[in-house]
Amino acid sequence: MAHQRGSPTHDWALPLNNGPTQRDHDDYFKPDLKHQHLTYTPDTQKLENAPTEQEAPERAASGNLVEHSTTLGVRTALGLHPSAPLSEEHDGPQQELLWSRIRLALREPFAEFCGTLILVLFGDGSVAQVLLSAGQKSAPGGNGYGAWGLGVMLGVYVAGDSGAYLNPAITFSSCLYRGLPWRRFPIYLLAQLLGGFVAAGIVYGNYITAIDTVEGGPGIRTVPPSPTATAGIFCTYPQPFLTKTSQFFSEFIASAILMFVIFALKDDGNNGVSKGGGNWFPLGLFFLIFGLGACFGWETGYAINLARDFGPRLFSFCVGYGHGVWSAGGYYFWIPMFAPFCGCAFGGFLYDLFIYTGPSPVNTPWLGLQRIAHPQKTIRGRLREHKEQGVV
């Protein structure tokens, strides 16, 4: 049978393994629990109605059931699937530990945090190498794009259980076009921003002595266009000749290409790639990020990612780079925050308009504008669909 283009891809987690075990939470622990009062008998010095050897596992199961209900409540509130992606062989006694329950409840946000951490570690680390060792002190952050591609590829491998979005704009577009629950967006956004912030801290700690040397001494921190600026290690700064329109368009077009190609790689009906991108998807992203850096990285540093830019920018402000991290480039900082959302939304729209034939708001009457006119009806329909799928 010919493979049909556009099969549903509501949540494009990487198929790096056999996928999460989708166990129905109603099947967890079904003991016949009996709530009885314990009475003390002085003659026998024993507890009447104390649990027998047969009843003890049932009493223990009741405690586990409460713990499971708490985990389930947290996951449901965050819009995560009731069953965390966990292999059967890993679902052992260690899951009764407190940290194991926390990890189970927040497995996907932790994956997004770690994946973004790896992405920014490789990216910012490469820029630090170029800037500090080669004397390119005014680099806007666009150098080292090969390492940015490597960071994205490895970050996707690390965060496969969550879908490996690693970018708030990609997460947003997946909610908009691919049915990712909107309730996941805030926790994914927070995890991604924290990942970028912590990664910047690690890079700064590793290169602080070299930064002091280049800047001219401890405590001296400058931003472009200063000839000794090192702020470009952590976030992007535009070339001084660019207008605001050029700055925005540079980020917009790179983000649109990013989202368009990602949707193509994840389209099950795209005969040019393996189903859902397969294990080749991270490698495809490596070439995509490498190409974007080579073709669109010079003018603004191709941030194309709020978490990659704002998280490290906030860190650089905290360690003494001052108000210049916000005011440089004519207050350029807001462009890497908003342009990627606009660009990714536009790139996703173009792919669904011209190529994708699966479930998408674009493939509804009036290209989805009818949904905008009746948002309450749309929200109710989305919630009903997610409840049927067991997502909420």
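Backbone N, Cα and C atoms are what each Cβ position is placed from, and that goes for glycine too.
Heads up, TrEMBL stuff is auto-annotated, nobody curated it.
Here the structure is a predicted model, which means the values were calculated and not measured.
Taken verbatim from TrEMBL:
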{"type": "REGION", "residues": "1-29", "note": "region 'Disordered'"}
{"type": "REGION", "residues": "41-61", "note": "region 'Disordered'"}
{"type": "TRANSMEM", "residues": "110-133", "note": "transmembrane segment"}
{"type": "TRANSMEM", "residues": "145-166", "note": "transmembrane segment"}
{"type": "TRANSMEM", "residues": "187-208", "note": "transmembrane segment"}
{"type": "TRANSMEM", "residues": "248-265", "note": "transmembrane segment"}
{"type": "TRANSMEM", "residues": "277-299", "note": "transmembrane segment"}
{"type": "TRANSMEM", "residues": "331-351", "note": "transmembrane segment"}
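Taking pairs at least six residues apart, the transmembrane segment (187-208) and the transmembrane segment (277-299) share fewer than three Cβ pairs below 8 Å and do not count as touching.
Contacts between the transmembrane segment (248-265) and the transmembrane segment (331-351): present, as 3 or more C-beta pairs lie under 8 angstroms, all at sequence separation of six or more.
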